[in-house]
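Undergrad: To start, I am sharing the structure in question, which I have written as structure tokens.
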Ligand code: PNW
């Protein structure tokens, strides 16, 4: 029996990296692109650290060839990126802008020429501002507009891109964007955030149908969820277990309920009944949302630790999302969030690879036969070039080694995990945190925009080329 830690991954396993349009492209006013909600939000004083915006980001729009060459040099076999909706459809509706589509076609062709398999995310949080002005995600029509956009992009690139993801982390869009207000569009309306969540589900369903109507049948359609692993502070305490149920519904069930099972969890409907009667869920919606998926993407960073809120706090509290006045958890004021013990990354997120194993096994049980991808996993550290100009990031190597080992263990336990996309290829615009948090395997000098692969990039590249995990400390 080979040692599990050194045992090879399946030979077809995809070793990828991931990015998103607004976080890397820049060129926000070029070739007909119009503002998205993230342009508006980041230009609103006080919304992002240091007033940072994606105006220039890492200039990937102009440097995509170099970035693809970097991936090829490292030996990656897949790349997940997102399309900027307002580059393709500036008003969020109507005919496409050819220059916008051409950029993505050039990028895809560059990837294919280097043997790197592209995966397209259609929506990674950058709603065209015009659609927000018309009501945004709480407005039902936005889901129909998304389906139209999906059809345009699928029609243009479906002949050469096999793997498609409709929406990325709808939890962040709905609840950080419309309840907590820490992400664009910065609204703080709990009832509207639940409506937004439903319309994101509907967008996924209508978008998946639209994609399938224009693409070859061999292509796969998935979505990426930042499914939380929610754990009780005191596993023997019934009130803490009720808190777990509540947060699990709001983090996971609100999406995988309708998408995988065709219904919202009864416990979710009950827990939010004082905020909404869910009458925005119309006849036929659940059928549109609950259509067969070809794969599911899981994004995982850290577990969530909760208890019932009681008068005397038990230990340090955190909801993992920084301090905020408004909660991203509608109807869960009776839940307290705690810091999971253990070492943390620069985001303050506790490092716990067992959570990734748990998450994969959960979906292996709940959705038997559904292929899984880890569509994001990674860590932010305070990276700096050393005197030799190199960037050493042993903490990130340890993080990746731990989480990839968890993936390997899940595969050994019977999970059908087809690939892993490291977040992120490059240091980039980390949303409300601006450029202060570096998630890249490749370091970006923000003064010159020069790219320098960190030691983790070489470590990961070796894993990709050999299909096994190099020992930590060997690059
Ligand atoms: C994900 N949370 O964001 C996104 O898909 C990426 O664009 C992002 O850069 C990356 O993870 C790192 O943050 C998240 O508050 C943002 O739970 C916030 C949360 C989760 C994921």
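From the backbone N, Cα and C atoms, a Cβ is placed for every residue, glycine too.
Remember, TrEMBL labels are computer predictions, not curated facts.
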Undergrad: If I go by TrEMBL, which of 163, 168, 290 binds substrate at the same site as 23, 124, 301, 423, 430, 431?
TA: 168
Undergrad: Around the Cβ of residue 124 (substrate binding site), how many other Cβ atoms lie within 10 Å? Please give the count over every shown protein chain.
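TA: Residue 124 (substrate binding site): 25 neighbouring Cβ atoms within 10 Å.
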Undergrad: Quick check: of the binding-site residues listed here (124, 301, 423, 431), which one has the Cα closest to that of residue 169 (active site, proton donor)?
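TA: Among 124, 301, 423, 431, 124.
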Undergrad: Among the binding-site residues 23, 124, 301, 423, 430, 431, report those whose Cα falls within 10 Å of that of residue 376 (active site, nucleophile); none is a fine answer.
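TA: Near residue 376 (active site, nucleophile) by Cα: 301, 423.
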Undergrad: For the recorded substrate site formed by 23, 124, 168, 301, 423, 430, 431, which further same-chain residues have Cβ atoms within 8 Å of the site's Cβ center?
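TA: Nearby residues not in the site list: 20, 169, 376, 424, 439.
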Undergrad: Here are the recorded positions: 169, 376, 430. Which has the lowest count of other Cβ atoms within 10 Å?
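TA: Candidates: the recorded positions 169, 376, 430. Fewest Cβ atoms within 10 Å: 430.
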